[in-house]
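Worksheet for the structure shown next.
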């Protein structure tokens, strides 16, 4: 009993002494929960029959969807500044049964989604390193990537947050460069092109919602945020601006600086746009940024899922083991107590 009580005290002190998330790391985590960069928005040009609907969509949809969802998240996350996020909200409104249903299915979808990112990372690398087409190299690489990223999460959320900031800078810099290089080429009339006969409304709206959704995911980390009543609104506002800008700048550069058919705009086309505007070096940089973005997506998803489980455990929905904090933090606290 004495040892168990000491372990519990150590874990509680570890939780209290672990650095909290500040605005910038939280912006980066929200960015990767929602977006990860402009990779994949190319289809919106093809589905929209040209640049006009794509550009209008990423201007209008944030106003009617992203900003309201972000405001709701900011309000509820500051009202319930605890780990678990939407599980707590649903439980408070409809009871623990529906709260558990929300938590379980959201967690399951997150786990399935997260399994894709190491695979996508290697899919980008195999173009330059064909050895990753072979299972004898691919399987150990997947296990190594997953293990390394999981260990990073294990070390602490503050480390994950600053890692996300670094990945964000690396992933978005090539598009800033592309935007600057495209300025002499831009002809605004190209942005107004649209062929309504070629519009795929289902694909268009799917692209909008897919790339502008999931603002509530970061709420599962509310208990790890420093001064959430001030930090969450600022971080969500910053993330909305960052996400929308990360879509619009590459689209404005690519569609305004080049004459290309809407049918050419599909997944991965930004790399070709980079080559046409800046050369092969920019193409490779964009491909590398796309690969690294998958690591940020993995880290953000794992963090959100892990702290959701922690919150559900603290609410009594899951076994107590899911509320256990990182042993590494506990050892640090134990050593500090001994030396003090």
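In case you wondered, yes, glycine gets a Cβ from its N, Cα and C as well.
All annotation found in TrEMBL is predicted automatically rather than curated by experts.
According to TrEMBL, the protein has these features:
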- 21-40: transmembrane segment (TRANSMEM)
- 52-72: transmembrane segment (TRANSMEM)
- 84-101: transmembrane segment (TRANSMEM)
- 132-152: transmembrane segment (TRANSMEM)
- 158-181: transmembrane segment (TRANSMEM)
- 235-256: transmembrane segment (TRANSMEM)
- 268-286: transmembrane segment (TRANSMEM)
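Listed stretches 21-40, 52-72, 84-101, 158-181, 268-286 were compared with the transmembrane segment (132-152); the greatest number of C-beta pairs under 8 angstroms is found for 158-181. Between the transmembrane segment (268-286) and the transmembrane segment (52-72) there are fewer than 3 Cβ pairs closer than 8 Å, counting only residues 6 or more apart in sequence, so the two stretches are not in contact. Outside the transmembrane segment (235-256) by six or more residues, the chain places 23, 26-27, 30-31, 34-35, 37-38, 41, 44-45, 51, 54-55, 58-59, 62, 66-67, 70-71, 73-74, 172, 175-176, 178-179, 181-182, 185-188, 190-191, 193, 211-212, 215, 218, 269-270, 273, 277 with a CB less than 8 A from a CB of the stretch. Cβ atoms under 8 Å from those of the transmembrane segment (52-72) belong to residues 41, 44-45, 191-194, 199, 204, 207-209, 211-213, 215-216, 236-237, 239-240, 243-244, 247-248, 251-252, 255 of the same chain, restricted to positions at least 6 beyond its ends.
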